[in-house]
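Reading through the structure tokens given below for one structure.
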Amino acid sequence: MEEYNKAVEEFRKHEYPMLKDAVYLDHAGTTLYSKSLMERYMGDMMSNLYGNPHSASTSSQLSTSRIENTRLNVLQFFNADPEDFDVVFVANATAGIKLVMDAFRCQEDGFLYGYHQDSHTSLVGVREDAVSSRCLDDDAVECWLSGSEALVRNEHNSEIGLFAYPAQSNLDGRRLPLSWPERVRNLSYEAQANTYTLLDASALVSTSPLDLSDVSKAPDFTVLSFYKIFGFPDLGALIVRKDSGAILQTRKYFGGGTVEVVVCLKEQWHAPKGQSLHENLEDGTLPFHNIMALEAAIDVHKSLYGSMECIANHTTFLARKLYEGLKSLQHANSEPACIIYSPGFSETSSNVQGPTIAFNVKNSFGAWVTNVEFERLASIKNYHIRTGGLCNPGGVASALELQPWETRRNFSAGLRCGGETDIYAGKITGVIRVSLGAMSTMSDVDSFLSFVNEFFVDHTVVSADEDGESQKSVDMYVESLTIYPIKSCGGFEIPKETAWEVRPEGLAWDREWCLIHQGTGQALSQKRYPRMALIKPTIDFDLGLLKLRYQGSTFPTLVDEISVSLSSDPSSYKNPNNIHSLSSRVCGDAIAAQTYFDHEINDFFSKILEAPCVLARFPAGGSGPSLRHAKAHMQKHQGPKRSAAIEKSSAHSFHDPPTPPDSDSENRKRPILLSNESPILAINRSSINMLNEEIAKSGGKLASASVFRGNIVLASTELTDSHHPYSEDHWSTLQIGSETYQMLGSCRRCHMICVDQDTAEKNEEPFVTLAKTRRFESKVFFGSHMCHVPSFSRHKKHQFPVIKVGDKVSIGL
């Protein structure tokens with residue numbers, strides 16, 4: 001039954017003076033120690049003489065006696081019979097997990113490992129020592145426990161398994177069934193297998209009881225940290241079910257205090273202690289002062305709060321109020337302010353949700369408020385919370401719908417937990433966590449809700465046109481979108497209705513890879529290797545892969561398809577530690593690109609092009625030789641050209657005059673990847689039509705838009721002065737959909753545009769005709785360079801700029 005403990009309000013000021021002017025909501029990290037505990041501990045230390053428990057003096061024997069008393073108190077705290085359980089003192093829950101892992105990895109055939117997706121990082125890390133491992137969600141666990149599938153794939157004939165999970169998620173407070181250990185034990189008996197259970201009880205026991213009175217239902221191994229319950233001391237425990245303890249004694253390492261005798265000279269032999277499990281597992285001198293503090297902590301905690309059931313009722317009452325309060329916060333336009341990831345509280349059961357709430361905040365336009373912004377303001381106002389990934393990788397990925405390739409991509413882009421950036425590609429990468437403890441009060445909840453309401457809820461309706469985005473369309477639209485993931489190779493036409501991400505470097509995944517000649521270090525291009533046009537890419541977001549096929553004549557032993565991860569996985573490169581990288585040249589720039597070491601990948605390209613080459617990547621976010629900038633600039637032939645119709649049309653689009661060539665905006669360095677001169681290349685369909693009319697007069701082969709390898713083809717339904725052939729020479733800005741783009745200048749052309757992108761055959765057109773009609777100062781131009789202009793709008797759509805086929809286009813002159 002949920003019940004608020006008013007007594008906490010009466011003693012909190014005296015027992016927790018450190019809370020003055022602070023609202024502490026990070027009890028999942030550690031709860032707070034009471035004044036009474038510290039005074040009692042200090043008095044104990046000042047009144048008694050304690051020696052090292054490995055000695056035989058009276059002071060040492062006193063320490064030993066107090067340690068064993070505390071060990072028994074811990075078992076009683078969890079209703080665990082000392083006949084059935086033993087307590088091993090460790091530094092923290094992570095140390096307990098590692099102790100279990102050390103024993104399991106010593107098994108002759110290794111061990112199989114399954115862990116729940118809500119597991120703390122410390123549980124996830126055990127997989128590195130298992131011969132096979134698997135991350136399971138609720139459904140997968142149920143399938144396994146029902147006998148319909150194995151825990152993990154067993155390719156190593158391992159007979160030992162370990163299943164680990166948290167009793168309560170440290171991320172969002174969700175509680176998992178405590179019935180699983182018994183079901184695992186029953187399943188192991190039926191299958192004549194041997195799978196043990198490891199329960200991470202750290203988050204649960206901070207505010208709720210853990211009852212181990214029924215040994216048949218108890219986990220084999222339970223880990224916890226006492227500072228999460230009492231605030232002090234910094235100590236943990238591994239509670240071992242004695243029937244399962246034999247496997248822990250198979251570990252090879254032994255430390256001081258765990259052996260009866262050791263032989264070093266001439267022979268290597270030792271005799272481990274064997275009277276109890278903990279004697280064999282507690283390496284070195286125990287943190288005996290902390291253990292004595294634990295004895296005091298248990299007593300003081302009971303005197304202040306009564307039972308753990310009372311604390312559970314109190315914190316559940318507060319957590320429900322907090323959850324409902326956050327859920328009810330709405331902006332003036334009725335949009336929710338908080339996106340909550342915790343499961344919440346049902347009317348029939350309060351045992352599915354702990355007093356930990358995970359959420360994020362959105363503004364009234366649906367855009368994410370960054371965790372960094374929220375935490376900074378909270379810190380200034382003296383609210384103590386936690387943000388980020390919370391050391392729960394599976395839980396945060398599930399809550400935020402982050403695919404593995406997205407997480408790896410975010411890492412490659414420089415995103416780190418605790419960093420300044422936590423939104424990438426329109427997705428937030430962390431959460432805000434508030435957690436309650438035994439000494440939390442209703443005033444803490446009310447104060448925090450008021451804080452969120454005051455600073456993150458819009459109480460007046462803000463017009464969607466506040467940024468002056470509404471413009472009159474001039475009847476142009478995006479006809480097609482194409483990216484070229486590998487420089488000079490085939491293009492991937494973006495499907496209609498697919499909103500494609502626009503990055504500072506250009507369209508997502510455009511020209512992020514290249515092929516480098518192993519001898520010269522030069523990036524390959526169609527000028528010398530026209531067959532590159534027939535290497536066709538596909539972006540598979542479901543699998544997180546860039547897939548590549550060759551559509552020309554087949555080569556002996558050539559595989560049909562290869563793929564590389566979209567994420568910048570360091571293990572794929574020749575130098576995974578980025579100590580060295582391959583120096584190359586792209587369009588005259590010296591660059592440092594990371595090369596792939598996979599022979600199948602590199603042989604695929606080398607066979608097709610009949611040249612020794614390697615695939616290399618030049619991902620966004622680099623610096624120094626891993627960073628390039630746009631070179632495009634306005635040409636002399638692109639001076640102002642305005643008719644009356646254009647002047648009228650311009651009045652409804654962009655009001656600012658074109659920037660002079662020496663202005664800051666013109667000279668600003670714009671990042672690019674492996675494109676020749678600019679982030680984005682646009683082609684005007686009416687200009688292609690005009691060009692083909694000229695080619696037809698001489699009987700030449702008409703040009704497809706694909707030979708110009710543009711990212712965007714713009715078309716119009718009406719022929720007006722704003723978008724007649726080559727009118728792009730005089731455009732200053734474009735608004736495509738809701739995003740703004742700045743024109744950077746005309747694109748200079750070479751004879752590579754004569755390569756047919758479907759056959760790889762070379763023709764003289766369209767270069768010959770362009771040389772007659774579009775030559776200025778001995779240079780041939782066709783198409784326009786452009787870049788995206790970031791918006792400072794609070795609107796959701798500007799947090800993740802996109803473009804799609806069919807978008808309307810407005811022109812600024």
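Placed from the backbone N, Cα and C atoms, the Cβ positions cover glycine too.
Record features, source Swiss-Prot:
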MOD_RES   Lys228  N6-(pyridoxal phosphate)lysine
ACT_SITE  Cys391  active site
COMPBIAS  628-640  compositional bias 'Basic residues'
DOMAIN    648-812  domain 'MOSC'
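Residue environment of Lys228 (N6-(pyridoxal phosphate)lysine) contains 25 other Cβ atoms, counted within 10 Å of its Cβ in all protein chains. Each residue contributes its Cα atom, and for the residue listed as 'active site' and Lys228 (N6-(pyridoxal phosphate)lysine) those atoms are 16 Å apart. Its own atom aside, the Cβ of Cys391 (active site) has 17 Cβ atoms within 10 angstroms in the protein chains shown. Under DSSP, Cys391 (active site) is assigned to coil, being neither helix nor strand in the three-state scheme.
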